[in-house]
Each structure stands twice: as C-alpha cells, then as structure tokens.
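Inspection log for the structure reproduced underneath, given as structure tokens.
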Amino acid sequence: MSTSNAAALARSQEPSVTSAPPDPLLDEVLERACARIAPTWPLDRFIAVNPFWGLIDSRLPEVAARLQSLSGAQLLMPRSWYRQAYREGRLRDEHLQAALDTSDSTASLTHLRALLEQDEPAPTTRARVVDVVDAGRDLVHEASWRGFVTHSVSQFCASYFDDGQAQLGPPRDRGLYASWRQHAMTDRSPALLMRATSYRTQASALPATARELARIAFVDLEVPPREQENYLWSLLLEQNGWASWCAYRRWTARLQGSDDDTLRDLAAIRLAWEWMLYRGGGDAVARGWKTAMASWTQVDAAAAASRSSDWLLQAAMEIAWREPVLRALPAGLRTPRRTAPSVQAVFCIDVRSEVFRRALEAIAPSAHTLGFAGFFGVPMDYQPLGAAAARPQLPGLLAPRLRASDTGLGQDAEARRARHFDLAAAWSAFKTDALSTFTFVEALGLTYAGKLVRDSLGLGGARSLDSVGLSREMDVRRKPRVSGAVDGGPLELEARCELAAGMLRGMSLTRDFARFVLLVGHGSATRNNPHAAGLDCGACCGQTGEVNARAAAALLNEPEVRKGLAERGIHASERTWFVAALHNTTTDEVELFDVDEAPPSHRVDLDALRAWLAEAGARARTERARLLGLEGAGPSKLHQALRARTTDWAQVRAEWGLANNAAFIVAPREHCRHLDLQGRSFLHEYRHQEDEGFAVLELIMTAPMVVTHWINFQYYASTVDNARYGSGDKVLHNVVGGHLGVFEGNGGDLRIGLPMQSVHDGERWVHTPLRLSVFIEAPRAAIAAVLDKHAHVQALVTHGWLSLFQLDEEECAIYALRGGRWHRQTPSSAPAPTQSA
C-alpha cells in the first residue's frame with residue numbers, strides 16, 4: 001500500500017461490474033460457508049447452543065486448528081490452567097497416561113509433563129485484506145480498518161434488525177445487503193473517521209445483489225476456488241455475533257418450511273468491504289494481499305501443530321473428573337425398582353435439579369424422583385391472555401405443533417389485558433418519541449423516584465410477565481391449557497391420549513403410579529439481567545417451565561385421557577393426581593399450581609408434600625451456599641439472602657445456572673441415587689426393558705442428548721474463549737434491538753454466549769470446561785443402532801465432541817465407545833462421589 005494509508009479508499013477506481021465470468025459453484029461456496037455458523041437465540045428466548053454446531057462433521061482438534069487459523073479463536077484453556085491443576089493434584093500422572101493410552105498419539109508422559117511447564121505459542125491467523133491495509137497504518141495514532149469495519153457493519157445490523165427499540169430504521173423490504181448498499185451510498189463516517197473520501201462513490205458502484213458482489217469480488221481478489229469457502233467463513237467469523245443472529249433467522253425460517261438470506265447478505269457486506277479496501281489500496285496492498293494468500297497454507301500448518309498435544313491435557317482433565325464416577329456408578333446398577341413410592345416428582349433434566357432431587361430423597365426416602373426434558377413432551381407455543389403473538393415453549397431443535405393459552409378468566413379479563421398492552425406500547429412510544437425525549441425527564445422524572453427507591457432497596461419484588469396487567473385474583477384463576485393445534489385446529493381426544501401416552505413413556509413412567517405425581521418445571525428469579533432467560537428452562541426456549549407443567553398436568557388429569565391411557569396399557573390409578581409445580585432455582589423454593597382442582601381426599605396430603613419440598617429446599621440452599629459466598633449462614637439468614645439476590649438489580653451472580661455441568665446419565669434413578677453428583681450431571685429417567693423397539697432411546701439420543709451437549713459446549717466455549725464465544729462483562733452490557741443481544745459497551749460486534757460472570761467469580765473459574773460424558777443404560781447394540789441411523793449424533797461421538805459410555809446392569813460394568821469399539825472400563829482407586837446422607 002502507498003504512504004497515504006489513511007486514504008486507502010480515496011485512491012480507488014470505479015469498480016467494474018462485468019469483469020467476472022459466471023461461476024456455477026458460487027452458490028455452493030456461499031451455502032457451505034454460511035452452514036458453518038451456528039445460530040444464537042434472542043435474549044428473551046435465550047437457549048444454550050454449541051457455537052461450533054456447524055462443524056461437528058470434523059474432529060474437534062481439527063476444528064480448533066481451523067478456527068485458530070481463520071479467526072484466532074482458542075478452544076482450549078491456557079496451559080497455565082492445566083499446570084495449576086497438575087500442581088494442585090487434581091491432574092495426575094495416571095490421568096495423563098490414561099489420556100495417552102486412549103489416543104493414537106505418539107507422545108510420551110515425559111512430553112506431556114514438559115508441555116505443562118511451557119506456555120502455549122501465540123496463535124497464528126490468516127490475514128485478510130483489512131489486515132494487509134492495517135499493516136501499513138500507524139495503529140498507535142490511527143484507528144484500524146479492522147475495528148472500524150466491524151463497528152460499522154455491527155451498527156448497521158443493530159439498526160436493520162431492531163425490533164421496536166428504535167423509532168426509525170433503514171428500509172427492510174429488499175433485504176440486508178440491498179439496504180446496507182443504499183445506506184453506504186450516503187454514509188459519511190468512513191470519510192470523517194478514516195479519511196476515505198471516495199467511499200460513497202465506491203459504494204454507489206457496488207453490484208446490486210449479494211451474489212453478483214461475491215462473484216466479482218472473488219475474481220478481482222484472485223481468491224483460489226479451493227480457498228473461497230474458508231475466506232468467506234473467516235469474514236463471517238470476524239462478525240460472528242451478527243452472523244450467528246442471521247443463522248438464527250435462517251434456522252427458525254427453515255423450521256417453518258421457508259428460508260432466510262440475511263446470512264448470505266452479511267457475508268456479502270463483509271466481502272464488499274474487503275473488495276473496496278483492496279481496490280482502493282493501490283499496488284502495495286495488491287502485493288501484500290498476494291503475499292498473505294500465499295502464506296495461508298503455512299499459517300494453517302502452524303495452527304494445526306501449535307496445540308495438537310494440548311488436547312491430551314484436556315482429555316486427562318476429563319478422565320480425572322470422570323474416574324470416581326466410573327468407580328461408583330456400577331454399585332447401583334442392580335438396585336431394585338421402588339414399587340410403592342409415596343410421591344413421584346418429575347424434574348427437568350437440568351443439573352440444578354440434581355441437587356434438589358437428592359435433598360428431597362434424603363428427607364423422604366419413599367419418594368421417587370425422575371428426570372425428563374422440562375417442556376414435559378408438549379411441543380407447544382403459548383399465547384398469554386390478551387397477547388397478539390405466541391412464544392415457543394419447547395426446545396430450539398423443534399417447531400411447535402400445539403398452542404397453549406390462558407383459560408378460566410373470561411372475555412373481560414382478556415380485554416383488560418389487551419388494554420394494558422396497548423397502553424404500555426403507547427407509553428413506550430411516547431417516551432422514545434423524537435420530541436418528548438427532550439422534555440420527558442424534566443417533566444416526569446420525579447414520578448419515578450418511588451420506583452427507583454423500591455428497586456434500589458429490593459422492595460416489592462417482581463411479578464411474572466404472564467401476570468402483568470391482571471389483578472392478583474385474576475392471576476390466581478389464570479390456567480394455561482393446551483387449546484388446540486398451532487394452526488388453530490382442535491386437538492381431538494385421540495390426539496390428546498397419544499400425547500399423554502408419549503409423555504409418560506418418555507418419562508419411563510407407565511406403572512406403579514404414586515398418589516401424587518409432581519411435574520416440576522423450573523425458572524429463575526433475577527432483576528436487571530438481560531441474560532435472565534439463560535437461567536430459565538432451555539427446553540422451554542428460555543422461559544420458565546410453569547406453563548408446560550400446568551398444561552401437561554391438566555391433560556393427564558382429564559378422565560377421558562385416563563381412559564385412553566388405559567386402552568394403551570398405561571394404568572394410572574384413580575387415586576393418582578398430577579400436580580404442576582415450579583422450582584425456583586435461585587431460591588430453591590417450589591410453588592404448587594392448580595391445587596384447588598385436586599380431589600378433596602388429596603388436599604390433606606398436600607400439606608405434608610409442601611413440608612417435604614420446603615425442607616428439601618433448605619438442604620439444597622445449604623449445599624449451594626459455598627459457591628455463592630454465603631457459607632456459614634444459618635438456614636433462615638441464607639434463605640433471606642437468596643431472596644434478596646432475586647430483587648437486587650446490582651447483583652450480577654444471582655445464581656450459577658448450569659456452570660460446571662459435566663455429565664448426562666440416562667438410567668433408572670435408583671441406579672445412580674447413591675451418588676452425590678454435586679449438581680454436575682443432567683439426569684434422564686430411562687428403562688430400556690419397557691422401551692419397545694427402543695423408540696424412547698432414539699428420542700433421548702437425538703433430542704435431550706443433543707440439547708445437553710449444546711448446553712455443555714455453550715459453557716465450554718464461553719470459558720475457553722469468552723472474547724469470541726462469550727458476551728464479556730455484564731456491567732458493560734447494553735441491550736441491542738430490544739431483545740436481540742448485547743453490546744459490550746456501545747459498539748463492536750454483537751456479543752453471544754454467556755457473560756464472564758456466569759463462569760467466573762472474579763477470582764477463579766467456577767465452570768470447569770469439560771466435554772460432556774454421557775452414560776446410557778441400554779444394550780450396546782441398541783445404542784449403536786441409533787448412532788448408525790443418525791449421522792449427526794454419531795459425529796458427536798466419533799469426532800470427540802462428547803464421550804459415550806454404556807451402563808451394563810447385568811455385568812455391573814461400564815463400557816466406553818471409542819474408535820468404533822466398546823471398551824470395558826477399569827478405573828483406578830479414586831475416591832467415589834457417594835452421598836454422606
């Protein structure tokens with residue numbers, strides 16, 4: 001590039017739009033690059049996602065090397081982290097040796113020990129045009145083009161995708177690329193901030209379509225066909241937050257049978273910037289760009305070699321955690337089933353439920369707890385009373401088939417709620433109007449004084465959004481129920497019976513019903529937290545499980561449905577009553593719903609049930625107190641402290657969510673009830689003897705197992721590289737577009753993933769990044785058959801994204817699937833995580 005680097009674009013020539021011949025492979029290149037980007041859900045529907053989901057067709061170490069080469073991303077912790085674990089004795093030589101023995105590496109124990117004493121090499125990354133231009137700039141005194149382009153594109157995307165936060169926005173009728181191109185023609189910021197005086201001239205000459213832009217740019221930049229996908233992918237990784245948002249739009253559109261092109265458009269926008277910088281950079285940039293492209297192969301090789309042995313350190317850490325579990329699990333595999341439980345409580349598989357379940361079982365040994373996905377098998381969305389739209393209440397992998405709505409209130413309540421929404425919308429519009437913003441604070445600011453005082457002191461609490469606009473009496477009478485199909489059609493009795501039977505079979509709950517069967521959803525309670533939905537139920541698309549639990553319990557209590565269940569071989573006694581409940585994971589309180597509908601004969605027993613749940617909550621709070629810095633507080637003070645956290649708008653760590661998750665156990669509860677899993681394991685009830693054709697096993701391995709993997713890798717990625725796959729510091733967050741995501745500060749890319757405060761306590765990592773260990777009690781042949789049938793599930797195992805183990809109750813042994821073969825496990829004498837009570 002010439003000496004006038006700051007005016008790179010000013011020296012550009014008018015771009016040609018006819019110089020490149022048609023490329024029949026271009027669409028395939030665009031599609032493959034876009035397919036590498038995983039979706040991210042909006043804040044109000046936040047669910048955990050493996051940000052590398054589009055890459056599971058490759059081995060994890062290979063993916064790590066490619067991402068480092070393309071973007072500088074890190075998929076491993078720094079060596080200092082493994083070194084500290086080794087020095088503290090949490091990682092030992094036998095773990096390192098076991099990692100070597102189970103790999104195809106030629107490294108030695110001596111090599112791994114030496115590796116622990118060295119810091120990892122600095123990452124090597126492919127240069128893009130923007131990097132070549134910046135290499136000729138004085139970045140001490142001048143802004144970088146790389147930062148400017150990312151900020152500029154991000155600000156435009158925030159405006160384009162805004163969902164009601166802003167009063168004005170760019171046109172959206174012709175798509176993202178066309179709207180950006182129109183904006184670029186009048187954008188003066190490159191000229192003012194970067195002295196690119198002919199930027200608008202260049203923008204005016206850009207091709208009209210994203211595809212045409214890509215076609216011409218690839219030719220002018222002379223990107224080899226074999227590198228076009230990687231190059232385009234690297235540009236998307238530079239804007240990974242917004243790319244992930246566009247991938248979400250495409251994901252949801254395809255679930256509904258349509259499509260969305262915004263991800264392709266975003267790739268074209270980033271490519272347009274590269275092209276304009278290249279054409280404006282003169283001979284120096286052209287030479288630098290050719291040199292950069294020639295170095296890509298060398299950069300890739302260096303990235304692949306730099307941390308290849310470090311994956312053995314990661315495997316050794318996983319072995320170290322898993323070893324005591326492998327020792328202890330077999331002891332419970334022959335524990336008989338409880339045939340007369342006093343109560344059956346079905347909790348979400350969430351790791352936080354494991355702590356509460358253990359506490360409840362210790363208090364009430366006759367109780368039997370089960371694990372099941374927190375949407376309770378009801379594939380529905382929910383339209384609250386008076387709301388204009390429905391929200392999903394099911395895993396992100398699925399599309400809703402049913403609609404739930406509020407009943408029991410009548411048309412007057414619906415009209416009242418609709419008026420509330422209309423007034424709230426009008427008030428919001430008034431506050432943000434261009435004219436009222438100048439006088440609003442002066443005229444009405446003092447009226448907010450009371451609210452500010454209440455919020456600052458944590459007084460009054462917060463009501464559920466589903467209750468806002470209703471009186472307390474109306475809220476008590478509000479009963480969410482499945483009202484029909486999502487398309488408005490009725491849900492006939494036969495369909496209701498099939499739905500109920502599927503739910504119970506999925507829970508492995510088809511006989512020996514207790515007097516009470518609790519369906520316990522879960523939700524959190526926090527204030528001033530944009531990521532609050534991330535603490536709610538992921539199986540309910542970032543909502544609480546209340547609606548699903550209440551709708552499911554009501555369905556299972558219908559007399560006609562009970563008859564239909566009996567016809568299907570599921571005999572729930574007339575004395576059995578299903579009760580919906582909600583576990584507040586922040587305070588470990590459990591609320592029961594619709595108990596007014598319970599038979600009079602059961603209402604006395606509800607008092608005993610409430611007492612058990614209250615005592616279990618106290619035990620669970622005591623166990624969680626240490627990680628929250630509340631260890632030593634008495635039961636009453638601890639309870640008060642946790643309640644105070646729910647209303648403290650300055651609290652950045654109201655609870656730890658699913659931090660430290662490490663395992664997923666699919667087995668009868670009695671077979672792992674003897675273990676203290678420390679809130680680190682997802683638990684799913686499953687009895688393979690009752691699973692005809694292993695249909696339930698297939699469902700578990702293709703849905704809950706994938707969901708738990710997503711959660712596991714969301715936490716993993718947010719820990720190993722929070723700068724790229726986490727959302728940074730909560731204190732600096734600004735919500736974008738009403739609910740789309742957050743900026744850290746006032747700019748940069750859209751931040752995805754978990755905040756630092758979700759995985760780190762300010763002094764140390766609370767989450768230990770380990771790949772998920774999945775334990776399934778089912779015949780090995782049945783597990784293998786599911787893997788053979790579903791390529792994406794098999795890829796998770798064979799490419800090292802998780803570890804899969806089979807629990808063999810006949811042999812009281814555990815087998816690991818490795819290299820396409822089952823290997824019986826023989827762990828050493830590490831202490832087992834058995835319960836003390």
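Including glycine, each Cβ sits where the backbone N, Cα and C put it.
Automatic, uncurated: that is what TrEMBL annotation is.
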Listed range which TrEMBL flags as region 'Disordered', given the options 1-23, 116-138, 737-759, 806-828: 1-23
Other CB atoms, at most 10 A from the CB of Cys537 (Zn(2+) binding site): 29
Conformational class of Cys537 (Zn(2+) binding site) under the three-state DSSP mapping: strand
Neighbours of Cys348, Asp350, His522, Cys537 excl. site residues, C-beta within 8 Å of centre, Zn(2+): Phe347, Ile349, Arg352, Ser353, Gly374, Gly521, Gly523, Asp536, Gly538, Ala539, Cys540, Gly545, His583, Thr585
Same-chain residues at least 6 apart in sequence whose Cβ lies under 8 Å from Cys348 (Zn(2+) binding site): Gly371, Phe372, Ala373, Gly374, Val520, Gly521, His522, Cys537, Ala539, Gly545, His583
Cβ neighbour count (within 10 Å, all chains shown) around His522 (Zn(2+) binding site): 26
Cβ neighbour count (within 10 Å, all chains shown) around Asp350 (Zn(2+) binding site): 28
